[in-house]
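Quick look at what TrEMBL annotates:
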DOMAIN    4-325  domain 'K+ potassium transporter integral membrane'
TRANSMEM  6-23  transmembrane segment
TRANSMEM  30-51  transmembrane segment
TRANSMEM  78-97  transmembrane segment
TRANSMEM  104-129  transmembrane segment
TRANSMEM  149-176  transmembrane segment
TRANSMEM  197-219  transmembrane segment
TRANSMEM  231-251  transmembrane segment
TRANSMEM  258-277  transmembrane segment
TRANSMEM  289-309  transmembrane segment
TRANSMEM  321-344  transmembrane segment
DOMAIN    338-579  domain 'K+ potassium transporter C-terminal'
TRANSMEM  364-382  transmembrane segment
Amino acid sequence: MSTDVVVIVAVTILIGLFSMQHYGTDKVGWLFAPLVFLWFILIGSVGAFNIHKYNSSVLKAYNPVYIYRFLRRAKSEIWTSLGGVMLSITGTEALFADLCHFPVLAIQIAFTLVVFPCLLLAYTGQAAYIIVHKDHVVDAFYRSIPDAIYWPAFVIATLAAIVASQATISATYSIIKQALALGCFPRVSVVHTSKKFLGQIYIPDINWVLMILCIAVTAGFKNQIQIGNAYGTAVVIVMLVTTFLMVPIMLLVWKSHWILVVTFLVLSLMVEFPYFIACINKVDEGGWVPLAVAITFFIIMYVWHFCTVKRYEFEMHSKVSMAWILGLGPSLGLVRVPGIGFVYTELASGVPHIFSHFITNLPAIHSVVVFVCVKYLPVYTVPVEERFVMKRIGPKNFHMFRCVTRYGYKDIHKKHDDFEKMLLDRLLIFVRLESMMDGYSDSEDFTMSEQKVERSANALLMSEKAGSNTLCSGSDLSYSSSHDSIVLAKSPLTGNNSLTRYSSQTYGDELEFLNSCKDAGVVHILGNTIVRARRDSGIIKRIVVDHLYAFLRKVCREHSVIFNVPHESLLNVGQIYYI
């Protein structure tokens with residue numbers, strides 16, 4: 001085959017590999033383990049066969065004395081040789097990318113009993129073959145395979161290469177997801193493909209970007225040597241960074257003795273630093289690719305994190321004080337029009353500054369205002385009855401509430417009608433429970449038997465089922481009265497007392513008021529903030545904030561898409577933040 005044909009076949013395989021990523025590792029992974037196991041058994045068996053057939057004295061290479069003799073004799077050729085040796089461990093390093101997919105013990109057993117022995121046999125067998133066939137150095141692997149199993153070995157080798165590529169793709173997804181959790185990467189859609197394993201994810205945007213980059217590298221280099229140099233450079237830098245990051249972990253987390261830390265650092269650098277020097281010498285032969293990609297992603301992540309943190313700090317320091325809200329009175333100094341307004345905010349406490357900006361520039365606000373904060377928890381799913389955490393803001397006649405909506409990583413935002421219905425039903429339940437709790441002490445000494453709580457909760461469930469088909473939990477989720485933090489609070493209800501308070505005139509008036517506002521309509525208010533650099537900022541900061549960060553905000557997923565907010569009931573409130 002010509003080089004062009006090989007490139008076309010490789011690009012076709014890459015397109016097929018990236019196209020099936022949306023099925024998830026748990027769907028296609030059942031084929032990976034048998035292939036990898038068969039691959040290692042194949043190369044180990046071929047290596048043992050070549051050692052027996054051509055030259056069994058090659059086993060002397062395991063003696064470290066020969067390493068010293070080679071380094072003393074080779075001199076200037078040392079770094080070139082080490083760069084080639086580095087490629088022998090890049091594939092095994094990719095297996096560490098699957099640590100989030102499999103238990104650590106499984107990886108350790110696989111390395112010790114399968115990977116390491118088979119690799120030793122494979123490379124030693126190739127050395128024995130080259131001793132006899134010195135002119136076959138360039139293509140020693142395929143030439144050393146017996147003719148009877150050549151084509152099966154060729155197919156297995158191609159499939160094993162695809163599996164190794166999958167490990168790299170999975171590692172990229174994991175890194176991007178962790179960067180999202182730290183606020184260091186623009187918002188992208190993360191699809192969890194497994195119910196059992198948190199790390200098995202699929203990111204469509206990153207998938208297609210990675211596919212384009214891989215195709216560009218494959219079609220651009222057109223040879224295995226330059227691609228190998230690029231991969232080797234990436235792996236050795238990862239090894240160095242990991243080693244240096246282990247030092248603060250050992251000192252601060254594990255509390256290891258400094259002698260152990262120094263010993264670990266010295267032994268690791270003795271192996272990794274020579275490989276690093278060898279790979280740096282090949283930067284101009286393909287090693288520049290991972291460096292260019294790393295620098296690009298570092299700039300994106302740094303700019304996004306810097307501007308996001310500055311914007312969040314501005315929102316935290318610009319929160320509206322409760323004294324200011326109370327000073328406006330029940331009407332907030334405006335005309336309260338019928339309806340319910342959902343104000344989306346990233347703050348789980350306090351009134352966001354965007355709200356004061358809204359009521360300052362508009363002459364009216366809805367009769368009921370609910371501040372909605374959506375938080376994603378590191379759990380598979382959050383039950384519907386535990387999803388909404390409610391709290392009242394200000395006096396009752398203000399009709400202002402806060403709702404923290406909690407989702408697990410597998411929970412999917414349903415249609416906006418369902419979300420609205422669940423939130424509004426939860427709001428009505430919260431008002432009921434609040435009216436029943438009037439007159440009870442907020443003291444921490446107040447306790448109640450579980451039997452009474454369960455009986456009262458069941459009564460509330462029955463009354464709720466009579467009015468709607470929404471199911472709710474027996475225990476209410478509310479905020480503590482002294483701190484603005486989420487707590488789980490059981491409903492302190494008792495028999496006749498609860499029924500009396502349940503039918504109180506005050507509660508009935510508020511319930512009727514909320515239902516009338518619900519019938520009037522719901523409006524979703526989103527803050528469309530624009531971040532700008534201060535006028536006295538330098539030229540670099542202006543470029544970063546006004547142009548690069550603005551571009552990232554433009555291409556990332558909008559809040560309205562994440563929350564499935566309908567356009568006909570969406571209201572964007574614009575505001576400029578200067579950082």
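Glycine residues also receive a Cβ, built from the backbone N, Cα and C atoms like all the rest.
Fair warning: this is a prediction, and the values are worked out from it, not measured in the lab.
Looking at which of 6-23, 289-309, 321-344 has the most CB pairs under 8 Å to the transmembrane segment (197-219), the answer is the stretch 6-23. For the transmembrane segment (104-129), the residues of the chain that approach it from at least six positions outside its boundaries are 37, 40-41, 43-51, 53-56, 58-59, 61, 88, 92, 95-96, 98, 136, 140-141, 143-144, judged by C-beta separation under 8 angstroms. Summed and averaged per residue, pLDDT over the domain 'K+ potassium transporter C-terminal' (338-579) gives 67.
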